[in-house]
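Here's the structure, in structure tokens; my notes come after.
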Amino acid sequence: MRLTQAPPSRRTLMTLGAGATMAALLPAGGAAYASTSTAKAPAAEGISGRLRALEKQYAARLGVFALDTGTGAGRSYRAGERFPMCSVFKALAAAAVLRDVDARREFLTKRIHYTEKFVKDAGYIPVTGKPENIAGGMTGAELCAAAVSESDNGAGNLLLRELDGPTGITRFCRSLGDTTTRLDRWEPALNSAEPDRVTDTTSPGAIGRTFGRLIVGSALRAGDRKRLTGWLVANTTNRPTFRAGLPDDWVLADKTGGGEQYGVANDVGVVQPPGRAPLVLSVLSTKFDPKGPTDNPLVAKAAALVAGELT
């Protein structure tokens, strides 16, 4: 399974000007994307009301950004507000490694060795914690796959180590025109999701555009874009979020993120209905109670609502 990239629609080209590309549909600005047609304003207001109802139902704060890359139509809700990022960063780490660390095409095949303590300190380690991997190490490609497809915290930290720490993610995002997304700490500390925390956060609009640039834009070389997309399509953690909310025949290239504090539940990526251009979709959520439960159905329902509006 793979994503196919359709050219921008004629209407979008006219709106953006001659020479517009898929990357042009994903502007760097932090403002929430607005629908390109005033005729769709009532629909946009309707979707906002339904998203507010979901917030009330789940006692949560919800942020959504969606963009149809074929038509330029979009929907957003709290798209400029900051939310904890959690494990969503792992896709950015893999992308940064592909672009910057593997520039000479050596890292993916290089065997990376690490100590048992290094990965155990990270928490969730379904792949890096295996005895055979601790003993023999893992290749760069295996670490990327473990971080993105399995959300392995140890693999995420090992990729951060290659990027000279969490601030490497921030620098990478700035190089893409994303002035909002930032990472400051390692796993598992980065998952503390206190209200008003700025560190280790992003916004639905910023992270959505960044994923769009990476997956259907030109931020990565074609081969690297294909590798990253493959790891995202192989995601094993999205069954209760995007996979639960979107039709079974849609291709999903997404990364989840969640935490035990403040009930964080996130999913971000590019999704493709059959026969249509891809949709950029980000859904971020958090609770007001530090012991609030993680409600993946909230993410699934929000994704279904906005995707339904655009298709």
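Keep in mind that glycine also has a Cβ here, set from the backbone N, Cα and C atoms.
Per Swiss-Prot, the feature signal peptide maps to 1-34; the stated evidence is sequence analysis. Marked as active site, acyl-ester intermediate by Swiss-Prot on the basis of sequence analysis: SER87. The substrate binding site annotation in Swiss-Prot covers LYS255, THR256, GLY257 and rests on similarity to another entry.
Location within the structure of each feature annotated in Swiss-Prot.
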residue: SER87; record: active site, acyl-ester intermediate; Cβ within 10 Å: 25
residue: LYS255; record: substrate binding site; Cβ within 10 Å: 28
residue: THR256; record: substrate binding site; Cβ within 10 Å: 27
residue: GLY257; record: substrate binding site; Cβ within 10 Å: 26
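SER87 (active site, acyl-ester intermediate) and THR256 (substrate binding site) are 6 Å apart (CA-CA, integer value). It is 4 Å from the Cα atom of GLY257 (substrate binding site) to that of SER87 (active site, acyl-ester intermediate). Apart from LYS255, THR256, GLY257, the substrate site neighbourhood in this chain, defined by C-beta within 8 angstroms of the site C-beta centre, holds CYS86, SER87, VAL88, LYS90, ALA91, SER151, ASN235, THR237, ASN238, ASP254, GLY258, ASN266, ASP267, VAL268. In the three-state DSSP reading, SER87 (active site, acyl-ester intermediate) counts as helix.
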